[in-house]
Each structure stands twice: as C-alpha cells, then as structure tokens.
Amino acid sequence: HPFATDDESSPYSYSTIFDDSEMVGFDFEYDFCQPKVLTCTPEPDAFNPCEDILGYSFLRVLIWFINILAIAGNFTVLLVLLTSHYKLTVPRFLMCNLSFADFCMGLYLLLIASVDAQTSGQYYNHAIDWQTGSGCSTAGFFTVFASELSVYTLTVITLERWHTITYAMQLDRKLRLRHAVPIMLGGWLFSIGIAVLPLFGVSSYMKVSICLPMDIETSLSQAYILLILVLNVVAFIVICACYIKIYIAVQNPELVAANKDTKVAKRMAILIFTDFTCMAPISFFAISAAFKVPLITVTNSKILLVLFYPVNSCANPFLYAIFTKAFRRDFFLLMSKLGYCKSRAEFYRMNYFSAYNSNCKNG
C-alpha cells in the first residue's frame with residue numbers, strides 16, 4: 001500500500017491481519033504466503049482521505065500562481081494607496097480594507113501551498129501535527145476572516161457607489177469618512193468573531209487538511225456553516241441589485257451623474273461575474289454538505305477551493321484599483337519619488353490639475 005507506514009505519529013496506522021490458530025504445521029507456509037490484508041485505522045472518510053493536502057499535481061502548480069498573484073496584487077494596491085499624498089477618500093479607505101482582506105486570503109493559500117510542498121508524498125506522517133496544531137488554526141482563521149471581510153467590504157463598496165450615483169446632486173447626503181469608519185469597524189468585528197468561533201468549539205478547523213470549518217457534527221456547527229453561507233448569498237443578491245440600480249440610474253437623462261461614476265458603474269459589471277464564479281459553486285456544494293447530503297467529495301472540492309474560492313482575491317485589486325486611472329496616477333507618482341517614470345508621472349499630474357481647474361470653473 002503506498003501509504004503503509006509503521007510511524008506511530010501517523011493518523012493512519014496499517015496492520016496485517018492473521019489468524020494465529022491457522023499458523024501451525026504445514027498450513028503455516030501457505031497462510032504466510034497469502035496476500036496481506038491491510039486495514040487503515042481510522043478508516044479514511046470523505047473528510048480525511050489518505051492523500052496529500054492538495055491531492056492533484058496540477059493544483060500544486062496553480063495554487064502557487066494564484067497566491068503569488070493575490071499577494072503581489074493586493075500588496076501593491078495597499079502600498080500605493082497608503083503612500084499617496086492625495087486625500088484619503090471613502091473609496092480609497094474601502095479599497096484599503098478590501099485589499100487587506102484579499103491579501104490575507106493570499107497568505108492562507110501560501111501557507112497551505114507551503115505545507116503541502118513540505119509534506120508531499122508523506123502527509124499521513126504529519127496530518128495530526130498539522131491539523132491539530134497552531135498552523136492549521138492560523139490558516140483557518142486567516143481564510144474565514146479574509147473571506148467574510150472581503151464579502152462585507154465588497155457589499156459596502158457597491159452600496160457606496162450606488163448611493164454616490166443616486167444622490168450625486170445632493171451633497172448633504174454624501175457618505176463621509178466619519179460614516180465609513182464605524183461601518184467598516186463593524187465589519188472587522190463581525191469577521192473576527194466569525195473566524196474565532198471554530199477555535200472555541202463551534203465547528204472546527206481540524207476536520208480537514210485545508211483547514212476550513214467543515215465540522216457539522218453538532219446542530220450548532222451546522223447553524224454556523226449555514227449562517228456564513230446564507231450571509232454570503234444575501235451579500236451577492238445585494239451586490240447584483242445595486243448594480244442593476246446603478247445601470248438604471250446612469251441611463252436616466254434626468255440625473256446628472258459625474259462622468260467618472262458612469263464609467264465606474266459600467267466597468268464594474270464584470271464584478272457580478274467574478275462574484276458569481278467565486279460564491280455560487282462553493283455555496284451550492286457547501287449548503288448540501290451542511291445538510292449532510294454531500295454532492296462532492298472533499299478530494300474533488302479542493303479543485304473548487306483552489307480555482308474558484310480565491311477568484312475575488314485575485315480579481316479585486318485589478319478591477320477596483322489597478323485598472324483605474326486614479327490608481328495609475330498614484331502609482332506613477334510613487335515611482336517618480338523613487339526616481340523612475342518621471343515623465344509619465346508629470347503627465348498624470350498635469351491631467352489631474354487640468355481636470356481640477358475645469359471643475360472649479362464650472363462650479
């Protein structure tokens with residue numbers, strides 16, 4: 001058996017079964033030469049198959065590409081936004097929160113990929129130490145915290161865009177930074193609370209090798225999983241509804257919306273697709289598993305978790321920041337401070353002041 005081992009630290013121990021009463025006389029050689037019957041204790045189940053953390057070779061390659069993209073993209077966004085000398089506006093503040101959440105998701109993927117690389121081919125010797133240790137708990141906390149904070153922030157950003165476009169001519173109703181800070185503080189407290197619960201017995205990060213809270217043995221654990229999934233589905237519905245309202249608003253001739261808001265609304269249509277790609281398959285199979293009617297094995301679910309689960313973490317920094325003119329301006333201004341791209345930075349600086357003066361003349 002490829003996983004057979006005598007290591008007592010392994011969660012899977014294998015033994016040969018013989019009937020001592022038959023191992024006498026001339027029957028000894030015959031019975032001894034029979035194929036050995038191996039039993040696995042405990043027996044592998046849907047949550048703990050006798051395999052490596054990722055299982056598939058192609059996932060080992062993809063997870064490194066995805067986590068590097070998520071970490072590099074979101075770190076770049078955070079660095080540029082936090083070092084910009086322009087005023088910290090509500091969209092910038094929300095984008096910083098979103099980038100930090102997605103950056104944490106990249107750290108989770110990096111941790112899982114690193115442990116998988118270290119234990120490749122012999123995970124059965126490390127499973128107990130990993131799944132019951134602080135490493136898996138840390139990884140689980142990171143992914144749940146990052147996932148919930150990202151979804152929460154995406155919802156707030158979408159609501160802020162809808163509110164800004166809908167009430168573009170009513171400056172007294174504009175969302176200020178003093179309003180956004182307590183809103184996001186509530187999101188942080190909620191995300192931390194949700195991520196901490198499995199550490200105190202509500203579900204568990206120790207159930208599977210990828211350290212997700214998949215323990216549904218108790219009613220409280222089932223309720224916990226369903227709560228997370230239902231909240232994510234509700235957030236997706238709110239995001240879709242806001243995008244529809246935004247499109248209706250920007251096409252209303254009676255509404256004089258800012259040109260940049262119109263472009264933002266049209267460009268963000270693709271976010272519905274990325275959000276759906278990220279949430280739909282995971283939520284569908286997770287809800288069925290929460291009701292103890294699994295439609296997919298954990299082995300196959302790892303494909304979803306690597307290919308779909310981190311979609312938003314990779315796409316968000318590009319869709320919300322890197323592809324925008326404001327971010328490119330801040331990026332080249334930062335590079336000019338380091339002695340690079342000075343002509344490009346001057347171009348963006350002149351365009352900014354030209355637009356600013358034009359707005360001032362038009363009142």
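Placement of Cβ uses the backbone N, Cα and C atoms for every residue, glycine included.
Remember, TrEMBL labels are computer predictions, not curated facts.
What you see is a predicted model, and the numbers here were worked out from it, not measured in a lab.
As recorded in TrEMBL, the features of this protein are as follows:
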type     : residues : note
DOMAIN   : 73-320   : domain 'G-protein coupled receptors family 1 profile'
TRANSMEM : 61-82    : transmembrane segment
TRANSMEM : 94-115   : transmembrane segment
TRANSMEM : 139-159  : transmembrane segment
TRANSMEM : 180-203  : transmembrane segment
TRANSMEM : 223-248  : transmembrane segment
TRANSMEM : 269-291  : transmembrane segment
TRANSMEM : 303-323  : transmembrane segment
- Message: Are the transmembrane segment (139-159) and the transmembrane segment (223-248) close enough to be called in contact, which here means at least 3 C-beta pairs under 8 A that are separated by 6 or more residues?
- Response: yes
- What residues in the same chain, six or more past the boundaries of the transmembrane segment (61-82), come closer than 8 Å to it by Cβ-Cβ distance? 54, 92, 95-96, 99-100, 102-103, 105-107, 109-110, 112-113, 116, 306-307, 310, 313-314, 316-318, 321-322, 327, 330-331, 334
- Message: Under 8 Å between C-beta atoms and at least six residues away from its ends: which parts of the chain pack against the transmembrane segment (94-115)?
- Response: 53-54, 60, 63-64, 66-71, 73-75, 77-78, 81-82, 126, 130, 135, 138-139, 142-143, 145-147, 149-150, 153-154, 156-157, 160, 180, 184, 187, 191, 210-211, 306, 310, 312-314, 316-317, 320-321
